[in-house]
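Enquirer: Below is a structure I'd like to ask you about.
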Amino acid sequence: MSTTTSSGAGEAGDAGSAGAAGQVGRAGRLGLRKGGGRAVFASMLGTLVEWYDYALYGAAASLVIGPLFFGHLDAGQAVAAFATFAVGFIARPFGGLLIAHWGDKHGRKPAMLFTMIVMGISTVGIGLLPTADIAGVWAVVMLIALRLLQGLGAGAELTGAMTLVAEYAIPTRRGLWTSLVMSMPPAGSAVATLAFLAVASLPEEQFYGWGWRAPFLASVVLFLIAIFIRTKLEESPDYQAAMESRDAAQRAARTPLGEVLKNQWREVILGFMAVTGHNANNYIISIASITIMVAYGGLERTEALTAVLLGSLLGILLSPLGGMAGDRFGAGRVMAVGAIVGLLFAYPLFTAFKSGSIWVAFAALAVSYGFVLACTSGAQGAFLANLFPVRTRFTGTALARETNGALVAGLTPMIVAALLEVGDGSIIWAAGYMAACFFITFLGVVLARGKGDNKAESPADAAATAAAN
């Protein structure tokens, strides 16, 4: 296992050493190579847009998708609505693998442009959909089709952003810079929550008529800005060095997915396990929590959205601290600490959601966003990037993250809703599910035995690190 990773980590080889060192020398102690600032900004904006999209649909699934598209159901509207949320994640592994394979073979830039275009079309499309009262079953069919399209594009977005930034950063700063990208999911959630708060106070008829559509349609502005910025990107120094070290015939013949499945399947399993707790936690606190606070805690929808908004702001601010801690103590150790706290805090978190107090709910969200998510998210980018060599990093990371996304992230709101319904409102099974997910994360990072930490460096990385220090 370690032999594969170490040899792959040296992919860039001596061909990129001098260039990498010179680029970091010009960047100083920030630990970013030339062009890294633009790459970080483009990646952060794209990730924010992706999670605006997903959090927006999650809020819609919590509040409007059930009555507008499944109003004929006497019971189970919430489960049906969250099932359409889960559908988007079914497509994510396929989109992630196809686009990541393309990105490893032909470049990060075209892959990341494609993801943003596909997501933009599908998100705006949802805002234009007719409801079941107008189009009947075809409204549901079109909704599912657009969710699948969203999933195809989103499957490689965050993975591509983390990969690009990791390859512009020197290893000893990789946690910090990738954590800025990983702070964008709560930022996207915050923006989406603000957008829904802006329309949630509308009269019921207007909210269910046109109000819920406005945030989806407004996203076109964000998508156009993100697409424009990505047209100005350059390939990462690591990727350029890796490609220059191979001749054209070798580049054309190589199959990143095949190499990952043959030589790095252990790393994929470890990566899958490592992100399990984070994915479950993220979709519980940002999406399922809204339904629980409203349906079981008796809060108004604006109160529930406000609690999530305040919590997500802490996630934005504190995730970089998790990345910095990962650089200093090891990404795996930081993720393990977050997993332990998340496991122990699962039952108190759900208890707070049902308390009926916005401030109790916010206090619980503050712990979950401000510490648990900061650890498991902030250190995640460096952990995953360090598991795989340059030549297969995009594909390997996508396979680990997006299969987990389909099996854990996408299903979590529906699973939690179903467990609450079956338990007649009891939180014990939902909390147990969350705790089990965090235990899997803890087990994954322990079994990785430091593979996700910044230890092994390629010659280019070593020269770059020396130039920065």
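Cβ atoms here come from the backbone N, Cα and C positions, even for glycine.
TrEMBL does not curate its annotations; it predicts them automatically.
Found this in TrEMBL, in case it helps:
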- 1-22: region 'Disordered' (REGION)
- 8-22: compositional bias 'Low complexity' (COMPBIAS)
- 39-453: domain 'Major facilitator superfamily (MFS) profile' (DOMAIN)
- 54-73: transmembrane segment (TRANSMEM)
- 79-99: transmembrane segment (TRANSMEM)
- 111-129: transmembrane segment (TRANSMEM)
- 135-155: transmembrane segment (TRANSMEM)
- 176-198: transmembrane segment (TRANSMEM)
- 210-229: transmembrane segment (TRANSMEM)
- 280-298: transmembrane segment (TRANSMEM)
- 304-322: transmembrane segment (TRANSMEM)
- 334-353: transmembrane segment (TRANSMEM)
- 359-387: transmembrane segment (TRANSMEM)
- 399-420: transmembrane segment (TRANSMEM)
- 426-448: transmembrane segment (TRANSMEM)
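Could you tell me the structural context for the features on the list?
Expert: Long-range contacts of the transmembrane segment (79-99) within the same chain: residues 54, 57-58, 61-62, 65-66, 69-70, 73, 111, 114-115, 118, 140, 143-144, 147-156, 159-160, 257, 287-288, 395, 398-399, 401-403, 405-406, 409-411, 413-414, 417-418, 421, each at least 6 residues beyond the stretch ends and with a Cβ under 8 Å from a Cβ of the stretch.
Sequence-remote contacts of a segment are chain residues at least 6 beyond its ends whose Cβ falls under 8 Å from one of its Cβ atoms, and for the transmembrane segment (176-198) they are 31-32, 36, 40, 43-45, 47-56, 58-60, 63, 158, 161-162, 165-166, 168-169, 212, 214-215, 218, 282, 286, 302, 305-306, 308-309, 311-317, 319-324, 326-327, 369, 373, 377-382, 385.
Sequence-distant contacts of the transmembrane segment (210-229) (same chain, at least 6 residues past either end, Cβ-Cβ under 8 Å): 38, 41-42, 45-46, 48-49, 52-53, 56, 60, 63-64, 68, 113, 116-117, 119-120, 123-124, 126-128, 192, 195-196, 198-200, 202.
Within its own chain, the transmembrane segment (280-298) is flanked in space by residues 55, 58-59, 61-63, 78, 82, 85, 185-186, 189, 304-305, 307-308, 311-312, 342, 349-350, 353-356, 361, 365, 368-369, 372-373, 376-377, 408-410, 412-413, 416-417, 420, 425, 433-434, 437-438, which lie at least six positions past its ends and keep a Cβ under 8 Å from the stretch.
With a threshold of 8 Å between CB atoms, the same-chain residues lying at least 6 positions outside the transmembrane segment (304-322) that come near it are 59, 175-176, 179-180, 182-187, 189-190, 193-194, 196-197, 200, 285-286, 289-290, 293-294, 297, 334, 338, 358, 361-362, 365-366, 368-371, 373-379.
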Enquirer: Same chain, outside the transmembrane segment (359-387) by at least 6, Cβ under 8 Å from its Cβ: which residues?
Expert: 5, 9, 162-163, 165-167, 171, 174-175, 178-179, 181-183, 185-186, 264, 267, 270-271, 274-275, 277-278, 281-282, 285, 289, 293, 297, 299, 304, 307-308, 310-312, 314-315, 317-327, 331-332, 334-335, 337-339, 341-342, 345, 348-349, 351-353, 393, 396-397, 400-401, 441, 445, 448, 451-456
Enquirer: Check the domain 'Major facilitator superfamily (MFS) profile' (39-453) for me and report the mean pLDDT.
Expert: 88
